[in-house]
Amino acid sequence: MTGEKGGSYRELFAAPGAAAFCLAGFVARLPIAMVGIGIVTMFSQLEGNYAVGGALSAVFALSYAVLTPLVSRAVDRYGQRRVLPTAAAVSAVATLAMLAGVRFEVPTVWLFVCGIPAGLMPTIGAMVRARWTQLYGGTPRLRTAFALEAVVDEVCFIVGPVLSVGLSVAVFPEAGPLLGAVLLLVGTLALAALRSTEPPVQPHTDDRARTNILRMPVLLSIVVVMVAMGVVFGVIDVAAVAFTAEQNSPGSATFALALFATGSAMSGLIFGSRVGSSAPTRQLFVATGTLAVLLCPLLLAGSVPMLTVLYFVAGCAISPIMIVATSLTQQIVPPDRLTESITWTVAGLGVGVAAGSALVGQVIDRTDAGTGYLVAVAAGILAVTCAGGIHVQARLE
């Protein structure tokens, strides 16, 4: 995965409006990492249990996975400015209604009813990547832009939960998801207002409109890879908290997670600034294989310092996978389905996080934190298997 330099990150922002949509996208993207964990924390603070909060968070995650591709399909057909404000408003209002229901102790079923439209949250990462594609499509700078977005995603998935949990614990139980709803609305409206960088609506044929984009085998395999990556993220978060608690050092979990994110960000910045000399499918296979190998030593961690070092090392394999997966998606899908296609990959990541968190929680409850990393290893094997299938198929064509 080596190659020539592909341009500096400073050059990306030479285009008018690039910095503005990148900042707006960051603000609007934080909520996807805040609301789910915020719901769980809220119920743990109010009722001292995780059952209802976990179930409601799962409903939100599944609703997001189903609804957000529909939002992106509408964006591809009608444009970001016409679709995003409405979708964000529906999601924010539903989230606020759910929080009000919790505060006023309405029947639990109504909370789940609110949790469904709350999942109409737009996939802002896909919207921002579509804008980068509009600016730099067909140039080496696009890979650099996707690398930057991978780093931003990583920051959001680390900062979002910490911010949400911290507010819900330190301020009041509903504070985390409440801030998430506000940031979603503010950031999305700001992004939609930036019309100069909005991608134009592409001509859309009737045949494509009737075709499920996931019928493309390569795209479906990429989505599965992203689901596996999400599972890894979920395990990394939950197991870090459990492991450090077992070692009587619960505060160390934040440091371990920060180093995991740092490793990912560093590798992403380096990887994205270079133009790969090998095929993207081979790069994806090598990157996922590297991750699968680097996850295995987590099973042997015997202390918090050792775990922290292993987190940093494993994190170095994350961003290259995200970058190549997005670049490969951009190359294989029709231009009029780009936003929807990227959304499916991001939705897969979110579903994986929810599934990984739930599954590793069950494993840890029955065994210990160290054993929980088996879930991450299994997800890594799934990722490299799918990536290998993509590479083999590409070589046969």
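Just so it is clear, glycine is given a Cβ too, placed from its N, Cα and C backbone atoms.
As recorded in TrEMBL, the features of this protein are as follows:
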type	residues	note
TRANSMEM	12-44	transmembrane segment
TRANSMEM	50-71	transmembrane segment
TRANSMEM	83-102	transmembrane segment
TRANSMEM	108-130	transmembrane segment
TRANSMEM	151-172	transmembrane segment
TRANSMEM	178-197	transmembrane segment
TRANSMEM	218-245	transmembrane segment
TRANSMEM	251-272	transmembrane segment
TRANSMEM	284-303	transmembrane segment
TRANSMEM	309-329	transmembrane segment
TRANSMEM	341-364	transmembrane segment
TRANSMEM	370-392	transmembrane segment
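With respect to Cβ pairs under 8 Å, the transmembrane segment (218-245) is most closely packed against 341-364, considering the stretches 12-44, 151-172, 251-272, 309-329, 341-364. Sequence-distant neighbours of the transmembrane segment (251-272) (same chain, 6+ residues past either end, Cβ-Cβ under 8 Å): 1, 6, 9, 143-144, 146-148, 150-151, 154-155, 157-158, 162, 236-237, 240-241, 243-245, 304, 307-309, 311-320, 322-323. Most Cβ pairs under 8 A with the transmembrane segment (341-364) among the ranges 83-102, 178-197, 284-303, 370-392 are made by 370-392. Proximity of the transmembrane segment (12-44) to the transmembrane segment (284-303) is not established, fewer than 3 Cβ-Cβ distances being under 8 Å for residue pairs spaced 6 or more apart. Same-chain residues lying 6 or more positions outside the transmembrane segment (83-102) and placing a CB less than 8 Å from one of its CB atoms are 28, 35, 42-43, 46, 56, 71, 74-75, 110-111, 114-122, 127, 173-174, 177-178, 180-182, 184-185, 188-189, 191-192.
Distant neighbours of the transmembrane segment (151-172): 22, 25-26, 29-35, 37-38, 41-42, 45, 125, 179-180, 233, 237, 254, 257-258, 260-261, 264-265, 268-269, 272, 318-319, 322, 346, 349, 353; these residues of the same chain sit at least 6 beyond its ends, with a Cβ under 8 Å from one of its Cβ atoms. Long-range Cβ contacts of the transmembrane segment (370-392) within its own chain (Cβ-Cβ under 8 Å, at least 6 residues beyond either end) map to 218, 221-222, 224-225, 228-229, 231-232, 235-236, 238-239, 242-243, 279, 281-282, 284-285, 287-289, 291-292, 295-296, 298-299, 301, 321, 328, 352, 356, 359-360, 363-364.
Beyond the transmembrane segment (284-303), the same-chain residues lying 6 or more positions past its ends with a Cβ under 8 Å from any Cβ of the stretch are 1, 225, 232, 239, 243, 247, 310-311, 313-314, 316-318, 320-321, 324-325, 328, 370-371, 373-374, 376-377, 380-381, 383-384, 386-388, 390-391.
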